[in-house]
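See structure below.
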Amino acid sequence: MNSFSTSAFGPVAFSLGLLLVLPAAFPAPVLPGEDSKDVAAPHSQPLTSSERIDKHIRYILDGISALRKETCNRSNMCDSTKEALAENNLNLPKMAEKDGCFQSGFNEDTCLVKIITGLLEFEVYLEYLQNRFESSEEQARAVQMSTKVLIQLLQKKAKNLDAITTPEPTTNASLLTKLQAQNQWLQDMTTHLILRSFKEFLQSSLRALRQM
């Protein structure tokens, strides 16, 4: 499949993505990055749930690439040798063997729970990214809103919703305050690390979901 253009991000993309929360009685919504003909063109096969999730993740990855480009252009964080020290102060979601998402020991149900839980944990970090960009402010918002939609899509696919852990709002609020109180260098480094880790998490998720 072709990759999406980052120009697809914007207020219109937000609205289209949020249409997914409307009742099923309404016509099938067009996801950000989708062509309407993929959804409702006469005499054509609509995208399956798995295909829509796949396409949606690649759309978000496109947005992350655009945000990383701005981050790298405005600072030297992408080449910094001090990032390991800063990363130790974050608790960004990562895939591990026990999560069942790798080819060895793959477990669909366990992996899906990990993906959804990880995305929910990333939400506070995506909130932190808001107002961290000047020329890509709308893209940062699009990544955040598109991730919320992705979580909804995956929750419909999950069989064991009770196993999904949702972060405590008070914990997230405290973490957000702490991140925003950092000095400028640490804020820039945190932005870089969040984008890099989120990209890696989504790429691992995409590979696992293609096995389901």
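The count begins at 1 with the first shown residue.
Glycine residues also receive a Cβ, built from the backbone N, Cα and C atoms like all the rest.
Database features, via Swiss-Prot:
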| type | residues | note |
| --- | --- | --- |
| SIGNAL | 1-29 | signal peptide |
| DISULFID | C72-C78 | disulfide bond |
| CARBOHYD | N73 | N-linked glycosylation site |
| DISULFID | C101-C111 | disulfide bond |
| CARBOHYD | N172 | N-linked glycosylation site |
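Sequence features, as recorded in Swiss-Prot, placed on the structure.
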residue : record                      : contacts (Cβ under 8 Å, 6+ apart)
C72     : disulfide bond              : C78, H192
N73     : N-linked glycosylation site : none
C101    : disulfide bond              : M95, C111, K114, I115, S204, S205, R207, A208
N172    : N-linked glycosylation site : E123, V124, E127
Original post:
Which entry in the list of disulfide-bonded residues, C78, C111, has its Cβ near the fewest other Cβ atoms, using 10 Å as the limit?
Top reply: C78
